[in-house]
Amino acid sequence: MSEQHAQGADAVVDLNNELKTRREKLANLREQGIAFPNDFRRDHTSDQLHAEFDGKENEELEALNIEVAVAGRMMTRRIMGKASFVTLQDVGGRIQLYVARDDLPEGVYNEQFKKWDLGDILGAKGKLFKTKTGELSIHCTELRLLTKALRPLPDKFHGLQDQEARYRQRYLDLISNDESRNTFKVRSQILSGIRQFMVNRGFMEVETPMMQVIPGGAAARPFITHHNALDLDMYLRIAPELYLKRLVVGGFERVFEINRNFRNEGISVRHNPEFTMMELYMAYADYKDLIELTESLFRTLAQDILGKTEVTYGDVTLDFGKPFEKLTMREAIKKYRPETDMADLDNFDSAKAIAESIGIHVEKSWGLGRIVTEIFEEVAEAHLIQPTFITEYPAEVSPLARRNDINPEITDRFEFFIGGREIGNGFSELNDAEDQAQRFLDQVAAKDAGDDEAMFYDEDYVTALEHGLPPTAGLGIGIDRMVMLFTNSHTIRDVILFPAMRPVK
């Protein structure tokens, strides 16, 4: 047996022994009838204590004689004879406990406390004081075991280092890694901040179907499920767009939804098949109004959550404080591929030649607009590091957007990029029912030609438009990618609590 295999075998034996010992301790607690008590109540979390009392000296704390009750997971323990120090972790952070044998009821220290294990969940009462090193601590007068942990913490509090294990066992990741806990706290703050921002602007939050008979609102491959009661195949939604615009037809002039979308596509550092989007629709507005809204939203969130408008992402500082750059798609191609002759982007054969020269395989079903879009994505997208709006998307790749009044080959649409990736997509909505019907037919033709991401024909949506959709603008923002930016995370799995993973066999 190799040394590495021997070490692995020893580790398994050690773990099995520890599991056995912990279960024996639980069995003993069951015999005493105190295995899982539920009558302990805390009155502070660790962050509340630090916020209120870190600034006070020990003499002041002793004079105040403050008694508190806390609860959390025992992360470290230093036993020094008749006294010990414990690090207790709760939702707010950590607080130190000072546990002395003579200050607890008889037998608690030796017969109970010293037999508890790291990872156990404790309740503690006592008085606040500061150690000689100035650390805020609780001098315990009561200490109880609330939950017996049957498994040890990962690597004895050095954190869960295996990346895949962090995703599969997120609970261990959250116990062990401060960075992960902070990421998901920021995510929650972002969601709350978006909701507050939208309400302040007069928007109403709504909910639309997650299962749809006709998937629509985006070009993507859907997941299929079956409704037993209706004996009907249905699709997990790829976007809520068409339902939200039905609500605008119905008279709700400013609506938004934050919810999950599902797309049966690949998994990468930027893509998870189940992801969170915020979509909004605003009557009597155009795409320019939503450019302003998007810029204001990101600036507001950065200031409110991070306390500044400069955000560090990798080795780049993203500046949300200054006006965001605005380029047309063709301007971006020219900027990042200067040798491009702009006239070539108006000709199918010339554009196809450019695309093929930079390694793009041109599908038979693509028209000029799709080719130009693919060229943009290949030569420009990765360079859009600072916040940038790209406008003038071809109508061919924008089946739901309003055509431009001057040039009907392009639409009044923008995509929003930060850090070299798309974060948001917005446009003036197509409210011409006849034009929409024809574009749906074009999408059906593309699907018949082999494009499995082309849209279905949605007859009811066309009927809704025939009742009259006011001039409207819509916007979708990827929440997961937004969280990645605000937390300096470089894979989408780091910002989704339970990302899609292949099952372990």
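Cβ coordinates are placed from backbone N, Cα and C, and glycine is handled just like the others.
As written in Swiss-Prot, here are the features:
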type    : residues       : note
BINDING : Glu415, Glu422 : Mg(2+) 1 binding site
BINDING : Glu422         : Mg(2+) 2 binding site
MOD_RES : Lys114         : N6-acetyllysine
MOD_RES : Lys156         : N6-acetyllysine
Legend entry - Cα distance (Å, whole number) from Lys114 (N6-acetyllysine) to Glu422 (Mg(2+) 1 binding site): 54
Inset, instruction - Using all protein chains in view, find how many other C-beta atoms are within 10 Å of the C-beta of Lys114 (N6-acetyllysine). - result: 13
Legend entry - Under 8 Å by Cβ from Glu415 (Mg(2+) 1 binding site), counting only residues of that chain that are 6 or more apart: Phe389, Ile390, Tyr393, Glu422, Gly424, Asn425, Gly426
Legend entry - Coarse DSSP state, helix versus strand versus coil, of Glu422 (Mg(2+) 1 binding site): strand
Legend entry - Count of other CB atoms lying within 10 Å of the CB belonging to Glu422 (Mg(2+) 1 binding site): 17
Inset, instruction - Please state whether DSSP places Lys114 (N6-acetyllysine) in a helix, a strand or coil. - result: helix
